[in-house]
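Engineer: For reference, the structure I am asking about is given below.
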Amino acid sequence: MVLIRVLANLLILQLSYAQKSSELVIGGDECNINEHRFLVALYDVSSGDFRGSGALINPEWVLTAAHCETEEMKLQFGLHSKRVPNKDKQTRVSKEKFFCESNKNYTKWNKDIMLIKLNRPVKNSTHIAPLSLPSNPPSVGSVCRIMGWGTLSDTEMILPDVPHCANINLLNYSDCQAAYPELPAKSRTLCAGILEGGKDTCSGDSGGPLICNGTFQGIASWGSTLCGYVREPGSYTKVFDHLDWIQSIIAGNTNVTCPL
């Protein structure tokens with residue numbers, strides 16, 4: 001998942017950023033097959049294209065980033081190797097999708113979140129289990145785990161057969177503001193990465209979970225075009241700030257609005 005930058009990248013002076021429509025972990029290693037029972041692989045039904053990842057939060061619901069959305073989505077659970085699937089792999093399709101706003105009017109720093117209701121529940125198994133929602137917000141300095149089937153390089157699309165994982169740090173929001181001047185004064189996002197560079201989510205990792213001190217705290221949203229670049233951390237939708245919206249939707253209150 002995490003990208004190790006070559007020396008040439010360190011000489012690049014351009015500071016640019018772009019949404020990670022599907023990101024991969026740079027600088028990481030293959031995830032342990034038993035550490036990501038909640039990780040979901042997302043595909044576009046019509047094209048078969050891989051769209052990113054999500055997290056199973058209960059047997060009927062998946063939480064991911066809004067920009068991973070396609071008209072009809074296929075979701076695979078219990079997946080590690082794409083070529084040699086686990087025997088307990090399960091496949092579902094999206095029944096309903098919910099966004100903070102009906103017109104999907106999210107931005108890079110706000111409302112990049114989507115709830116997917118499955119066409120039928122998945123069953124817990126050796127490689128499938130939901131991830132609990134947070135009961136408290138994360139603390140700056142926390143060690144956070146990122147994971148996904150995203151590209152292993154930011155210079156070419158190299159999608160791995162298995163998910164990669166890496167550890168990064170939860171940073172101050174001001175660290176992201178310094179890297180990306182367009183960011184507003186306040187945002188319902190988390191800033192996370194390694195300021196020295198070398199580890200990051202990248203294309204193909206979008207929608208995957210940011211797990212801080214063992215708790216689901218963020219959703220991979222966007223970051224630098226040069227994944228893992230020095231002082232260009234990533235931005236993650238803050239799950240804790242959207243708990244009321246998430247829980248209300250699941251309870252059947254589809255008229256609930258996201259926090260401002």
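Cβ coordinates are placed from backbone N, Cα and C, and glycine is handled just like the others.
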Engineer: Disulfide partner of CYS227 per Swiss-Prot: which of CYS202, CYS212?
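Structural biologist: Out of the candidates CYS202, CYS212, the one Swiss-Prot links to CYS227 is CYS202.
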Engineer: What is the disulfide partner of CYS258 among CYS100, CYS144, CYS165, as given in Swiss-Prot?
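Structural biologist: Of the listed candidates, Swiss-Prot names CYS100 as the partner.
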Engineer: Consult Swiss-Prot and report which candidate among CYS144, CYS191 shares a disulfide bond with CYS176.
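Structural biologist: Among CYS144, CYS191, the cysteine that Swiss-Prot links to CYS176 by a disulfide bond is CYS191.
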Engineer: Which residue in the list CYS165, CYS212 does Swiss-Prot annotate as forming a disulfide bond with CYS31?
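Structural biologist: The record-listed partner cysteine is CYS165.
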Engineer: Measuring Cα to Cα, tell me the gap between CYS31 (disulfide bond) and SER206 (active site, charge relay system) in whole angstrom.
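Structural biologist: Cα-Cα, rounded: 17 Å.
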Engineer: How big is the gap, in Å, between the Cα of CYS100 (disulfide bond) and that of ASP112 (active site, charge relay system), rounded to a whole number?
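Structural biologist: Approximately 8 Å lies between the Cα of CYS100 (disulfide bond) and that of ASP112 (active site, charge relay system).
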Engineer: Using other CB atoms within 10 angstroms as the count, which residue among the disulfide-bonded residues CYS100, CYS202 scores least?
Structural biologist: CYS100
Engineer: Looking only at CYS31, CYS165, CYS212, CYS227, which of these disulfide-bonded residues has the biggest number of Cβ atoms within 10 Å around its Cβ?
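Structural biologist: Its Cβ has the most other Cβ atoms within 10 Å: CYS227.
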